[in-house]
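This report concerns only the one structure given below.
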Amino acid sequence: MQSGNTIYIAIVGVGGVGRHVIAQLHLISKEYPNLRLCHISRSKKSLYAQDFEQPLPFDSWEHDLAQTGQDPLSLDGLLKYLASAPGKSVVVDNTSSSDVAAAYPMFLKQGISVVTPNKKAFSGSLELWKDIFNSVRSPSNPTGGYVYHESSVGAGLPIISTLKDLVDTGDEVARIEGVFSGTMSFLFNTFAPVQGNGGVWSDEVRRAKAAGFTEPDPREDLNGLDVARKLVILARISGLDIQNTSSFPVQSLIPKELESVKSADEFMEGLPRFDGTMASMRDDANAQGKVVRFVGSIDVKKAVLNVGIQTFDKSHPIAALKGSDNIISFYTKRYGSNPLIVQGGGAGGEVTAMGVTADLIKVIQRLS
Ligand SMILES: NC(=O)C1=CN([C@@H]2O[C@H](COP(=O)(O)OP(=O)(O)OC[C@H]3O[C@@H](n4cnc5c(N)ncnc54)[C@H](OP(=O)(O)O)[C@@H]3O)[C@@H](O)[C@H]2O)C=CC1
Ligand SMILES: N[C@@H](CC=O)C(=O)O
Ligand code: NA
């Protein structure tokens, strides 16, 4: 059993990922009795411990939030609240909010650590990226907080940690490529399988959303931006100063006619009209003995990034993926022509929460 300083945890966002984070925190709280849950919020309601000595329960939060939840604190309010805690604190951001992401430097500068699967901060402006990493605790900044964001790429798969280890140990990363989206993987694996007939495109999009693989708004997956954000994050860790997701070509699968619809619901209603277009693309590839898949690549040496559809021979490992699997290959000087490959489920509440909780354990161990 671990012990040490008491650490206060503030959860922001309790959707598909956030609720599993709380369940996993409950599990690890036996190993880390110094962990206290002090705040839980969703977009319109929040719950927080008025008295830090009486933390929130891990099991009845959903009922309590619905019954006794109050208006959420502002981000400044959350900062002040956590700064008044009688110990170190961590914000766990399980939203996809750019506003919450933009507040990370403010938390970090106050010594409050941040753990998150949210890609927005790390793929947003280069200024925000620099502000975040200049605010992190280091020998020259001993009062900063820690930041961990493993689940921002490949959900719980060890992608960020692997790449950091490669870079930190002096390997030269030449290229990173593969399938970076659980949603796109699921869609193409089911809609254009290697064997047998595929499903109907719009039905598969609905299934991906229902399974919790998509972003809160599935258009963020279909427009290629989710993959583009992941590539920006990996490119920056590899040492490239990529400005943002507009700095390279990104193929969108949003039909032109649906680009201006206002809501995700309206978009989903209109999508079946384009099932035929997607089926034609699949059938054209099939006629050549190939399948279509949605992939991304970073040529680190040339600083060239690409996101979009490619066709693959049916025997290619990318064609053979199952479910929401990601496959990410790192080509480096040390690994030569046989890349280091990470493969497995790349989306879904539980596997994403695993990456978040594992990051939180790293922070707890460093703060304890
Ligand atoms: N799902 C997945 O497979 C993966 C997700 N991620 C990332 O994890 C994050 C969460 O995804 P997911 O759980 O699927 O999304 P959901 O839409 O299921 O949940 C998002 C949660 O955030 C809350 N929220 C939104 N804005 C705010 C805000 N300003 N303040 C407080 N709460 C807010 C929502 O509130 P309300 O409940 O009121 O709507 C909801 O509880 C995203 O950044 C996503 O990119 C990363 C890897 C994989
Ligand atoms: N919507 C994303 C979730 C994980 O990042 C995906 O499908 O990969
Ligand atoms: Na990951």
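Positions of Cβ are set from backbone N, Cα and C atoms, glycine also.
Unlike curated records, TrEMBL annotations are generated automatically.
Some features that TrEMBL has for this protein:
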- 13-134: domain 'Aspartate/homoserine dehydrogenase NAD-binding' (DOMAIN)
- GLY13, VAL14, GLY15, GLY16, VAL17, GLY18: NADP(+) binding site (BINDING)
- THR95, LYS119: NADPH binding site (BINDING)
- 158-361: domain 'Homoserine dehydrogenase catalytic' (DOMAIN)
- GLU215: L-homoserine binding site (BINDING)
- LYS230: active site, proton donor (ACT_SITE)
Count of other CB atoms lying within 10 Å of the CB belonging to GLY13 (NADP(+) binding site): 24
Mean predicted confidence [pLDDT] for the domain 'Aspartate/homoserine dehydrogenase NAD-binding' (13-134): 97
Of the binding-site residues listed as THR95, LYS119, GLU215, the one whose CA lies nearest the CA of VAL17 (NADP(+) binding site): THR95
From GLY13, VAL14, GLY15, GLY18, LYS230, the recorded positions whose CA lies within 10 Å of that of THR95 (NADPH binding site): GLY13, VAL14, GLY15, GLY18
Long-range Cβ environment of LYS119 (NADPH binding site), under 8 Å and at least 6 residues apart: SER96, HIS149, SER152, VAL153, ASP226, ARG229, LYS230, ILE233
Rounded distance in angstrom between the Cα atoms of GLY15 (NADP(+) binding site) and GLU215 (L-homoserine binding site): 11
Under 8 Å by Cβ from GLU215 (L-homoserine binding site), same chain, sequence gap 6 or more: SER96, THR183, ASP221, ASP226
Sparsest-packed among the binding-site residues, when each Cβ's other Cβ atoms within 10 Å are tallied, from GLY16, GLY18: GLY16
Environment of GLY13, VAL14, GLY15, GLY16, VAL17, GLY18, the listed NADP(+) site - residues of the same chain whose CB lies within 8 A of the CB centroid: ARG19, HIS20, VAL21, ARG42, ASN94, THR95, GLY349
Where the C-beta lies under 6 angstroms from ligand 1, the matching recorded positions among VAL14, VAL17, LYS230: VAL14, VAL17
Of GLY13, GLY15, GLY16, GLU215, binding-site residues neighbouring ligand 2, Cβ under 6 A: GLU215
DSSP residue counts for the domain 'Aspartate/homoserine dehydrogenase NAD-binding' (13-134), split into helix, strand and coil: 52 helix, 20 strand, 50 coil
Residue, out of the binding-site residues VAL14, VAL17, whose Cβ gathers the largest set of other Cβ atoms within 10 Å: VAL17
